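> Handing you this structure, nothing more for now.
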Amino acid sequence: MKKQPIGFMDSGVGGLTLVKEARKRLPNEDMVFIGDQARLPYGEKPAATVREFAWQMANFLRHQEIKALVIACNTATAAALPDLQAQLAIPVIGVIKPGSIAALQTTHNRRVGVIATTGTIQSAAYSQQMAALNPDVQVTGLAAPQFVTMIEANQRHGQAVQTIVNQILQPLQKSEIDTLVLGCTHFPLLTTAIQTAVGPDVTLVNPAVQAITMLEEVLTQQQQLATTTPGTLRMYTTGSVAAFEEIAQQWLAQPDLTAQQVDIQKEKNDGPDR
């Protein structure tokens, strides 16, 4: 039987934070990643536009014969998860429910902060998901779209970066949160600066960990977990290959990683599976 890959999609390089976790936990799985860098940031775009772009990425990955799809983007999860789950005949996993579950398992005072893109914060997806799981939780959301721009420019370290992060997260100082969800898959690449800004008493939650746990559970239930040969990784971007490869090689600690540029708008669209 042919070994089918897992598909990962994001607006840019942020989704590699899930790929990194998946490669650590599921080393025998083949993976395909698409980052739509040519059209980021998604967080400032209307939900309808994000849904259109998300379908184009999913359609591209569908032609790679994937067995499961991970929407490695909070903005796209908030806007397009129900649609993609209805349209595709494979498991589709987002990051907001996993992030919410992890936050509720972490918090002691039921005060949770969420930093994300403008689109994710305005959708109230995290506060609604957490309220559905625990009505007693108090969620404080803060849009931090500047972080995406910084990370895509590979500006992740140094005092200048720390100063900007401190300024952006300053509104959380009086919120009394004890848990902070990194509600954009780019944000774990700024973990050190974010932790410094909020202090040691606030626990950071990376939804990638719980999302890959859910992925592993789904593949196990469907008896599709790869267990034999080591997995491979193919990476595609709609933007600059050089910029993508620089961050991917650093974040995944593999200096030989390469990516290909693709135009997903030209990909043949056969319509939904169902």
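Cβ atoms here come from the backbone N, Cα and C positions, even for glycine.
Okay, so Swiss-Prot annotates it like this:
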| type | residues | note |
| --- | --- | --- |
| ACT_SITE | C73 | active site, proton donor/acceptor |
| ACT_SITE | C184 | active site, proton donor/acceptor |
| BINDING | D10, S11, Y42, G43, N74, T75, T185, H186 | substrate binding site |
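How buried are these features, and what lies next to them?
In this structure, C73 (active site, proton donor/acceptor) belongs to neither helix nor strand by DSSP; it is coil.
A 10 Å cutoff on Cβ-Cβ distances gives C184 (active site, proton donor/acceptor) a total of 33 other Cβ atoms nearby, all chains included.
Long-range Cβ neighbours of T75 (substrate binding site) (same chain, at least 6 residues apart, Cβ-Cβ under 8 Å): S11, Y42, G43, V50, A116, T117, G119, T120, C184.
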> Hey, how far is C73 (active site, proton donor/acceptor) from D10 (substrate binding site), Cα to Cα, in Å?
5
> List nothing but the largest Cα to Cα distance in Å, as a whole number, among the residues D10, S11, Y42, G43, N74, T75, T185, H186 that the record says bind substrate.
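About 12 Å separates the two most distant Cα atoms.
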> So around the substrate site, D10, S11, Y42, G43, N74, T75, T185, H186 aside, which residues have their CB within 8 A of the centroid of those CB atoms?
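Result: G12, G14, G15, L40, P41, C73, A76, T117, T120, V148, C184.
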